Structures are given as structure tokens and as C-alpha cells.
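The ATP binding site annotation in TrEMBL covers Pro94, Leu95, Cys96, Ser97, Gly98, Met99, Gly100, Gly101, Ser102, Ala103, Ala104. Residues or ranges marked as domain 'GHMP kinase N-terminal' in TrEMBL: 69-153. Summarising the annotation, TrEMBL assigns domain 'GHMP kinase C-terminal' to 213-286.
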Amino acid sequence: MINSKIQHAKAFAPATCANVGVGFDILGFALETVGDEVTLIKRDDRKIVIESIDSPENLPMAKDKNTASLVIEKLCSSLNLDLGFSIHIQKGIPLCSGMGGSAASAVAALVACNAFLQSPLSLYELAEFARLGEQLASGAAHADNIIPCLFGGLTLIQCQEPLKVIQLPTPKLYCVLIYPHLKVSTRDARNLLAKEISLKKQVQQSAQLASFISALYENDYQRLGQSMEDVIIEPQRAQFVPDFYKIKEAALQAGALGMSFSGSGPALFAFARTIKAAERIKEAMRLPLQAKNIKSDWWISPISDRAARLI
């Protein structure tokens with residue numbers, strides 16, 4: 001079952017934007033310009049050891065505390081593989097940013113590990129192992145970052161148990177991603193959410209989600225933007241970013257089709273029709289942050305059909 005000719009493998013997994021406003025825990029898309037890389041080197045002693053992490057943040061080296069090493073160990077144990085690896089992680093995604101960093105590390109590790117198998121696992125099988133990493137990172141085995149990371153493009157999770165994925169049409173839009181230098185734990189961001197919502201809000205959100213998806217199939221980008229009004233999650237998480245609604249208004253005034261949190265935040269994303277509009281929206285979104293003396297990083301990327309892959 002193990003390909004003895006393979007001694008090392010390296011994989012890249014892209015950053016992702018989960019929820020996309022109206023699709024909490026079910027919608028997500030992959031980006032093109034930022035992600036994590038994981039290199040696996042086969043060991044003779046069959047141990048799984050994190051040898052290095054290239055990151056400005058202090059990330060856990062213990063194999064049961066890091067999503068990359070945890071998912072590899074779970075895969076090898078589940079398949080009874082007699083394998084050991086030295087793991088080298090290069091983080092391109094900031095910690096606790098809302099850009100799918102924990103998912104990217106896990107997915108990149110799994111894609112690299114999959115290269116050592118004579119009969120590689122399917123994307124669905126890899127996703128189940130990656131969810132164990134999300135359970136470690138956030139306390140919930142959510143898959144809305146994992147799935148677009150593994151499949152690429154814009155994805156809809158039709159069912160959580162068992163996983164069923166629909167690949168939606170990829171809109172020809174640019175994503176403006178702003179990462180304020182604030183830390184928001186996914187675990188904390190999920191824990192603060194109300195456990196119950198009103199029927200009225202559920203009806204509103206369902207209508208917006210249906211409208212958003214239909215707009216994708218009809219290439220109606222104006223309606224797509226109008227459908228991105230999240231009445232459930234966004235109001236609860238707006239507190240994480242000072243002047244959130246000023247930033248949103250600035251983005252819309254600058255021509256954004258819609259704007260919301262990327263995942264649990266604090267990263268924010270907006271959709272733009274052109275690269276020129278994206279540049280204008282980026283500057284508009286950063287101004288309210290600068291007024292609060294909050295530094296930020298930014299990326300502009302098309303929604304990418306390219307998923308996690310060997311490099």
C-alpha cells in the first residue's frame with residue numbers, strides 16, 4: 001500500500017474564505033495568492049516529528065497539538081501504515097485570521113502524505129481526516145474551509161454526515177481580503193454564537209442563500225451582491241472588528257458587490273468586478289482601520305479553481 005519509491009513530498013494548500021456571508025458552515029471558496037506549504041520526509045524510525053515551522057507566530061511543535069501532524073498520525077493509524085515522517089511547515093496564512101489556516105496546514109499535510117500511498121485516498125476520505133484537525137483547532141469538525149481547500153473553487157456542503165459536496169459555478173470576480181492585525185479564535189467566535197434563532201431570521205437567511213446560489217448559475221453579479229446580507233452570524237461577530245459597519249459601508253460605496261467576514265474573522269472579504277475596482281475597495285476598507293491605528297495586511301485574488309496540490 002506504500003509507494004517505497006517516494007521518499008519526500010511537498011504540498012501547497014490555499015487560504016479559503018468560509019461562510020461567504022450567507023452560508024454559515026456550508027459555503028466557502030479558495031484563494032490564489034496565499035496558503036500553507038507542508039513538506040514530508042520519510043523517516044526510518046517511523047516516528048512523526050515536526051522538525052520546523054516557518055511562521056512569525058509561535059505554533060505548537062507537539063504532534064498532538066498541531067493540525068498537520070495530528071491528521072497524518074490519524075491517517076497512518078487508521079490505515080495501519082508503517083510510516084514515519086519529518087514534517088516541515090511553512091505558514092503563509094496568519095494564525096487566528098479567519099483565512100482557514102488550520103485547515104490549510106492539515107490539508108497540505110494530507111495531500112503530501114497521500115503521495116506516499118500506492119492507492120491514494122479520495123478527496124472525501126482526506127476531508128474526513130482533515131476535519132479531525134478542525135476539531136482540534138476550534139472544537140468543531142466544521143468543513144467549510146477544508147472542502148474549498150481540497151476541491152478548489154466555490155463549494156457548497158449539502159450534507160455534513162456523510163459529507164456531500166456541490167461544486168458551484170466559480171464567479172469571475174476578484175476577492176479583496178483585508179486582515180486587520182487582531183486575533184480572533186475560531187473556538188471563541190463559534191462559542192459566542194446564539195444557539196437558537198428566530199424563524200423570521202431563518203426565513204430571511206434561507207431566501208438570501210437561495211438567491212445567492214441562483215445568481216451564481218445565472219451570472220447575475222448584482223443580485224449576488226444583494227444576496228450577501230447575513231442577518232444571523234455577521235451581527236453577532238461585528239464586535240470583533242472596530243467600526244465594522246463603517247468598513248462595510250466604505251467597501252460598498254467604493255463599488256464592492258458585497259462584503260462580510262472571512263470565516264470567523266477578523267479577516268474581511270469583498271467581491272469586486274475588476275482588478276481596478278478591487279484596488280479602490282481595498283484602500284477604502286483600510287481607511288477606517290487606519291483611523292483606529294489598526295494595521296492590516298491585504299490580498300487581491302480571483303476565486304481560484306486550483307485546490308491543494310503537490311508542488
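Glycine residues also receive a Cβ, built from the backbone N, Cα and C atoms like all the rest.
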Residues that sit under 8 angstroms from Cys96 (ATP binding site) by C-beta distance, when 6+ apart in the chain: Lys183, Val184, Ser185, Thr186
Distant-in-sequence Cβ neighbours of Gly100 (ATP binding site), under 8 Å, six or more positions away: Ala15, Thr16, Cys17, Ala18, Gly28, Ile93, Asn145, Pro148, Cys149, Gly263
Reported mean pLDDT - the domain 'GHMP kinase C-terminal' (213-286): 97
Check: same-chain CB within 8 A of ATP site center, minus Pro94, Leu95, Cys96, Ser97, Gly98, Met99, Gly100, Gly101, Ser102, Ala103, Ala104: Ala15, Ile93, Asn145, Gly263
Neighbour count (Cβ, 10 Å) for Ser102 (ATP binding site): 24
Surrounding CB atoms that lie within 10 Å of the CB of Ala104 (ATP binding site), all protein chains: 32
Densest Cβ neighbourhood among Pro94, Gly98 (binding-site residues), 10 Å radius: Gly98
The domain 'GHMP kinase N-terminal' (69-153), counted residue by residue under DSSP: helix, strand, coil: 46 helix, 7 strand, 32 coil
DSSP residue counts for the domain 'GHMP kinase C-terminal' (213-286), split into helix, strand and coil: 41 helix, 9 strand, 24 coil
